[in-house]
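*Asks:* This is the structure I have questions about; it appears just below.
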Amino acid sequence: MSTSRLYTLVLVLQPQRVLLGMKKRGFGAGRWNGFGGKVQEGETIEDGAKRELLEESGLSVDTLHKVGHISFEFVGSPELMDVHIFSADHVHGTPTESEEMRPQWFQLDQIPFADLWPDDSYWFPLLLQKKKFCGHFKFQDQDTILSYSLREVDSF
């Protein structure tokens with residue numbers, strides 16, 4: 001890996017449900033995911049997460065809770081994706097479809113894991129248990145995990 005790029009991912013969690021967005025275009029199109037993207041130059045990771053949540057879902061948030069940090073490697077790509085994962089429980093506004101994402105609430109026992117990124121089934125249970133985690137996933141392509149490591153951490 002020659003370079004890495006900072007990304008954010010925000011999961012809006014409320015009692016018994018989570019807000020996911022159907023990615024409509026670009027990388028990961030056709031999958032449900034949290035809200036996030038690239039951190040822009042001059043922006044903190046948390047500010048980038050808040051901006052992406054607002055742009056993609058129409059929701060604003062006062063407080064984010066950092067819950068995870070995962071690096072993603074894709075065979076053939078020189079760039080490592082350095083993803084900082086946050087949860088938000090109190091948001092302002094109503095989820096609104098954007099050019100990039102179509103938000104939808106899911107009951108926690110009905111999360112569509114078959115239509116999420118394959119790695120989500122490994123770390124999402126930790127998120128729902130309010131545990132913090134770090135990891136690395138190596139993908140052959142967007143559907144195939146070659147190897148991974150994942151561990152709980154006490155704090156960031």
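The backbone N, Cα and C atoms fix where each Cβ goes, glycine too.
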*Asks:* May I ask you to find which of Thr8, Thr94, Thr144 Swiss-Prot records for the 2-oxo-dATP site already listed with Asn33, Phe35, Gly36, Gly37, Lys38, Trp117, Pro118, Asp119, Asp120?
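*Replies:* Record check against Swiss-Prot: 2-oxo-dATP site with Asn33, Phe35, Gly36, Gly37, Lys38, Trp117, Pro118, Asp119, Asp120, extra candidate from Thr8, Thr94, Thr144 is Thr8.
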*Asks:* Using only what Swiss-Prot says about Mg(2+) 1 binding by Gly36, Glu56, identify which of Glu100, Glu152 is listed for that site too.
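*Replies:* So the Mg(2+) 1 site in Swiss-Prot includes Gly36, Glu56 plus, from the candidates Glu100, Glu152, Glu100.
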*Asks:* Could you break down the residues of the domain 'Nudix hydrolase' (3-132) into DSSP helix, strand and coil, giving a count for each?
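*Replies:* Breakdown, helix to coil: 28 helix, 57 strand, 45 coil.
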*Asks:* So which residues does the motif 'Nudix box' (37-58) touch in its own chain, when a touch means Cβ under 8 Å and the partner is 6 or more beyond its ends?
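*Replies:* For the motif 'Nudix box' (37-58), the far contacts come to 5-10, 12, 19, 21, 64, 66, 84, 86, 88, 91, 93-96, 98, 100-101, 103.
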*Asks:* Of all the binding-site residues here, Gly36, Gly37, which one's CB has the most other CB atoms within 10 A?
*Replies:* Gly36
*Asks:* Closest to Gly36 (8-oxo-dGTP binding site): which of the binding-site residues Thr8, Glu55, Asp119, going by Cα position?
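*Replies:* When the Cα distances are compared, Thr8 comes out closest.
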*Asks:* Could you work out which of the binding-site residues (Thr8, Asn33) has its C-beta surrounded by the smallest number of other C-beta atoms within 10 A?
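*Replies:* Among the binding-site residues Thr8, Asn33, the sparsest Cβ neighbourhood within 10 Å belongs to Asn33.
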*Asks:* Take the C-alpha atoms of Glu55 (Mg(2+) 2 binding site) and Glu100 (Mg(2+) 1 binding site) and report the distance between them in angstrom, rounded.
*Replies:* 9
